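Below: the structure, in structure tokens.
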Amino acid sequence: MISKRDRTLLIDKNFSDYLKFFTSLLILTHHYTQEMMGEYLACADRDFLWAIVYVIRLLGGFIGVAIFFFLSGYGLMESEQKRTLNFGQFIKKRLIKLYLPVLLVSLVWVFILVLLGELSISWSIVTKIFIGFEDNVLWFIKDLIALYLLFGGLKHIILTNKQIGWALFILGTVVISCASDYLFGAFSFQAIPLFFIGVLSSFYKYRVRLISGILFASMIISALCAFVIHENIALSGCIAVSYMLILLIILILSRFSVILNAPKFNLGISYDIYLVHNKILYISLCIGYSISYLLFLTITILTSFLFNKTRSILDK
């Protein structure tokens, strides 16, 4: 159902869940095209399907992560405004829910790598499980953990002294962006400001022009950093596209109330899809099997569902 509203940014929970699920599938598809469809792009006729694959391979990761970070920031501030937690409660109720799933899947994954002979048993396994996660696409989890800690440490200041709180949040976001760029590569820093934009969008949901202006300024700064520091105009373009898409989402949802009445299935597996999909792709490459996209998608969703159910049982 779609109805008009007067410049107030409210995101329906059901709509947000479907959007998160879509972005998880977009990132899954992006990584599949990177690993499995290079030869297709090099040899196939440049038809409509070729164009879709090319765009997903180029932009899918940027767009998916951008939406994920924006919704994460928005949802976190929404939860905090409904129920304010002290820092200890925040760690227990919010941060641990982000960290424990990746810890559990990393434990299983390292065990599988040892069985496959891809990893030798040593004390370094401990750091691979608890910190490294032994999966190069999970850099965003480390960024999110840092952003959660930043949010948890500053949220009371934001609620009591807005100017100082937001100034410190911006400074912290810049520091985390620089650290991510240094540790993980130029592709990683671009989405981090969108977590801040998401938090801001929830807090100032009635000031859409302010949010849009800050988002546009963030886009210009991020794109310029990519061009000046990394001398990468393609990266600048990808950043601009992903930020403009977030701006479009904000403008649409601030003018129209979008409520999905579609039947809900287990959309909670979105996070699990992020955690397991690259591991399934890695196993297929290790055994030399060129897995089809539909089979890859099916196995990933089933594995994500199983893992989600397992950790739900352990949470009880």
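Each residue, glycine too, has its Cβ placed from N, Cα and C.
Please treat TrEMBL annotations as automatic predictions, because they have not gone through curation.
The domain 'Acyltransferase 3' feature in TrEMBL is assigned to 15-305. TrEMBL lists 48-77, 98-117, 137-154, 166-190, 210-229, 241-260, 280-307 with the feature transmembrane segment.
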Practice prompt. Please indicate, using numbers and ranges, the residues of the same chain that are 6 or more beyond the transmembrane segment (280-307) and have a C-beta under 8 Å from a C-beta there.
Written response: 25, 28-29, 31-32, 35-36, 101, 104-105, 112, 116, 118, 266, 269, 272-273
Worksheet item: For the transmembrane segment (48-77), which stretch among 98-117, 210-229, 241-260 has the most Cβ pairs under 8 A?
Response: 241-260
Fill in: Sequence-remote partners of the transmembrane segment (210-229) [C-beta within less than 8 Å, at least six residues beyond its ends]
9, 181, 186, 189-190, 193-194, 196-197, 200-201, 204, 235-237, 239-240, 243-244, 246-247, 250-251
Worksheet, complete the sentence: Mean pLDDT across the domain 'Acyltransferase 3' (15-305) comes out at 87
